[in-house]
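Some features that TrEMBL has for this protein:
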{"type": "DOMAIN", "residues": "20-67", "note": "domain 'Amino acid transporter transmembrane'"}
{"type": "DOMAIN", "residues": "135-479", "note": "domain 'Amino acid transporter transmembrane'"}
{"type": "TRANSMEM", "residues": "12-33", "note": "transmembrane segment"}
{"type": "TRANSMEM", "residues": "39-72", "note": "transmembrane segment"}
{"type": "TRANSMEM", "residues": "141-160", "note": "transmembrane segment"}
{"type": "TRANSMEM", "residues": "210-229", "note": "transmembrane segment"}
{"type": "TRANSMEM", "residues": "241-258", "note": "transmembrane segment"}
{"type": "TRANSMEM", "residues": "308-329", "note": "transmembrane segment"}
{"type": "TRANSMEM", "residues": "349-378", "note": "transmembrane segment"}
{"type": "TRANSMEM", "residues": "471-493", "note": "transmembrane segment"}
Amino acid sequence: MAGGITDTGELYSPYVGLVYMFNLIVGTGALTMPKAFATAGWLVSLVLLMFLGFMSYMTTTFVVEAMAAANAQLRWKRMEKRKEDDEDEDSSSGVSDSDVLLQDGYERAETRPILSVQRRGSANIFEITERVEMGQMASMFFNKVGVNLFYFCIIIYLYGDLAIYAAAVPVSLMQVTCSVTGNHSCSVGDSTKYNDTDKCWGPIRRIDAYRLYLAAFTLLLGPFTFFNVQKTKYLQIMTSLMRWIAFILMIILALIRISRGQAEGQPSMAELSGIRNLFGVCVYSFMCQHSLPSLITPISKKKHVNKLVLLDYVLILAFYSLLSFTAIYCFRNDTLMDMYTLNFTNCDIVSVAFIRYFLGLFPVFTISTNFPIIAVTLRNNWKTLFHREGGTYPWLVDRIVFPAITLVPPVLVAFCTHDLESLVGITGAYAGNGIQYLIPAFLAYCSRKDTQLVFGSGTVNKHLSPFRHSFWIVFVLIWGFSCFIFVTANIVLSESKL
C-alpha cells in the first residue's frame with residue numbers, strides 16, 4: 001500500500017458496510033432527538049431534520065468522491081515512478097535491437113499516459129482500494145494552513161467524542177445499578193438528584209462505582225484501538241440487532257400507550273427558541289464523515305456505494321421521525337427526558353423489569369460499538385499527521401505509541417470528570433460543524449481541481465458526487481459558516497442574559 005500508513009483490512013459485503021454505517025450514525029444523538037423535537041415543535045423539527053439529513057448525505061458523497069480522487073493520485077504517482085525507474089534502467093544497461101523489438105509492446109503498455117490506460121478500460125484508476133484517511137486527503141489536497149486547521153478540527157472533535165463516550169457509559173451504568181432508595185429499577189427516571197459522594201453499594205460511593213465502570217469499559221474496549229475496526233465485525237452485527245430491537249420496542253410501547261388513550265403529549269407546531277438545541281442534536285445524529293474511509297474502503301463492491309449510503313440515510317431518517325413523533329404524542333413535553341430511554345425505566349410506563357433494564361442500558365450498547373471505530377479513526381489520523389513520504393514506523397511506535405496517545409487522554413478526562421457539557425458544546429457546535437460541512441466541501445473542491453490538473457478536464461471520476469455542480473459546494477460552505485455565526489451569536493446572547 002502507498003505510504004504504508006493504514007491497512008485496508010478484511011473485505012466485507014455492502015450490506016455489512018450498511019450495518020457499520022447505521023451503527024456509527026445512530027448514536028447518543030438519536031436518544032436526545034425526541035426532547036429536541038418537543039422543544040422546537042414538530043413541524044420545524046421535521047423540516048430541519050430532513051434538511052440536515054440531506055446536507056449530511058451530500059457531504060458524505062463529497063468525501064467518497066475525494067477518496068476516489070486520492071486513490072487515483074496515489075496510483076498515478078506509482079505509475080510515474082515505475083516509468084522513471086524503467087527509463088533509468090534502460091539508459092544504464094546495454095540492450096540489443098532484438099530485445100527492444102521483443103519488449104516494445106510491453107514497454108508501451110507500461111509507459112502509456114495514464115489517461116490512455118483509463119480510456120482503454122483496463123483498470124479504473126478511481127477505484128477505492130486503499131484506505132486514505134481524511135488526514136492524508138487533507139495533506140494531498142490542502143495547503144499547509146488548511147492541513148493544520150483540519151487536524152485542529154478533527155482532533156478536537158474525536159478526542160471530545162471519545163471523552164464523552166468514555167464518561168457516558170460508566171454514568172449510565174452507575175445510574176442504573178446504584179441504589180439509594182432500594183428501588184433503583186423504578187427510580188432511574190425520577191427527579192431525584194444524587195451527589196457523587198452518596199453511597200452506591202455498602203461503603204462504595206457513586207463516584208467509586210463510576211470509576212470502576214470506567215476501568216472495566218477501558219479494559220474491554222480499549223484493546224480494539226490497537227487493531228483494525230474489522231476486529232469488531234461480529235460485535236457490530238450483534239449490537240446492530242439490539243439497536244433495531246430497542247428502537248422498535250420504544251416505538252411500539254409508545255404506540256400502545258397512545259392506542260389505549262394514555263397519550264399525554266400535545267406538541268406545538270413551531271417553537272423557534274428550540275432550534276439551537278435541535279441543530280446541535282441533528283449534527284451529532286448524522287455525523288459519520290470522519291470515519292468514512294474506515295467504513296467504505298473495505299466494502300467489496302463499491303459500484304453503487306452512493307445508493308447504499310442513501311439507503312442508510314433514508315432508514316435512519318425514518319427511524320428518527322417515527323421515534324420522535326411517537327414520543328412527543330405519548331409523553332408531555334415537561335416529562336420527556338434528555339435521554340429518551342429513561343422515560344421507559346418508570347414502573348408506571350413499563351411493568352416488565354427486563355425491558356426497563358434493557359432500554360435503560362441501551363445507551364451503553366450504542367456508545368460501546370461506536371467507541372472502537374472512532375478510536376481507530378483518530379489513531380490512523382495521528383499516523384498520517386506524523387508520516388513522511390517513504391518512511392515507516394517502528395513496531396513500538398506503530399502498535400503501542402499511537403494507540404496509547406489515542407486512548408489515554410479521553411480516559412483521563414473521563415476519570416477526572418463526567419460533567420462534559422462545555423466539551424460537548426465546543427465539539428458539536430464548532431468542530432462537528434467543520435467536519436460535517438466545511439471539510440468535505442473543501443475536499444470536493446480541491447480534489448476536483450487537482451484531478452483536472454493531473455488527468456485533464458475530460459477525466460471522469462467514477463465516484464463523482466451526484467451533486468457535481470459547483471453551486472452545491474458554495475451552498476454547503478455558506479451554510480457551514482452561517483451555522484458558526486448563528487451558534488456563536490446564540491452563545492453570546494445566552495451569556496449576556498445571565
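Here the Cβ of each residue, glycine as well, is placed from N, Cα and C on the backbone.
It should be emphasised that the depicted structure is a prediction, and the values quoted were computed from it without experimental measurement.
Using a cut-off of 8 Å between Cβ atoms, the transmembrane segment (241-258) and the transmembrane segment (308-329) share at least three residue pairs, counting only pairs 6 or more apart in sequence. Nonlocal intrachain contacts for the transmembrane segment (210-229), taken as residues 6+ away from its ends with a CB within less than 8 angstroms of a stretch CB, comprise 7, 9-10, 20, 166-167, 169-171, 173-174, 196, 204, 294-295, 368, 371-373, 375-376, 379, 399-400, 403, 406-407, 411, 414-415, 418. Same-chain residues lying 6 or more positions outside the transmembrane segment (308-329) and placing a CB less than 8 Å from one of its CB atoms are 14, 17-18, 21-22, 25-26, 30, 33-34, 37-38, 42, 45-46, 49-50, 53, 56-57, 60-61, 64, 247, 250-251, 254-255, 258, 263, 265, 267, 285-286, 299, 336, 340, 343.
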